[in-house]
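Input: a single structure, listed below in C-alpha cells.
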Amino acid sequence: MTRKQKRLAIIGGGVGFLTAAVLLVMFAFSQAVAYFYVPGDLAKADLAPGTRIRLGGLVEAGSVKRGDGKTVTFSVTDTLAVVPVTYTGILPDLFREGQGVVAEGAFVAGSSVFVADTVLAKHDETYMPKDVADRLKAQGVTLGGKENIQ
C-alpha cells in the first residue's frame, strides 16, 4: 500500500466510525425522547397507544381522588381540555389542586386515561411554555397558587 492509499483507508475508516456513532446516538435519543403536550394539543396530536409523552398543565380543582395504596387519580387541564391521569406512587410535596404539574407516561390502548409513571409538581409558570402560561393568565388563573381555576 502506498502512503496515499493508507491515508485514504484511515480517513474512510474514521468517516465510517463517525457515521456509525452518530446513527447510534440518534437511535438512542429517538427512543428516550418524550414530547411535551398540554391537554388542548392532544386532540390534534396523532399519538399511538403506548407512546411516551409529558403531559403538562394545572391539576383541576376537585379532581384529586386517592385510591387503594399509593394510587391517585386526578385531571390535568389547560382550560381548553381536561385529561384524566392515574398515578401510582408518592406525589411531590408541591402537588395540589390548581398547581402546575408535568406527568410523564402514556395512554393505555382503548382508554382516554393517561397512566403516569412520573409526576413533577411546579409552583409557577417558570417551566411552562409561554403560550400556555399566557392563555392561563388571560383566563384569570394565577400561577403562584393564589387563585385556582374557576
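Each residue, glycine too, has its Cβ placed from N, Cα and C.
As written in Swiss-Prot, here are the features:
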TOPO_DOM  1-7  topological domain 'Cytoplasmic'
TRANSMEM  8-28  transmembrane segment
TOPO_DOM  29-150  topological domain 'Periplasmic'
BINDING   His123, Tyr127  heme binding site
Taking a Cβ cut-off under 8 Å, which residues six or more beyond the ends of the topological domain 'Cytoplasmic' (1-7) line up next to it in the same chain?
-> none
Roughly where does the topological domain 'Cytoplasmic' (1-7) sit in mean pLDDT, to the nearest integer?
-> 90
Counts by DSSP class (helix H/G/I, strand E/B, coil) across the topological domain 'Cytoplasmic' (1-7) = 5 helix, 0 strand, 2 coil
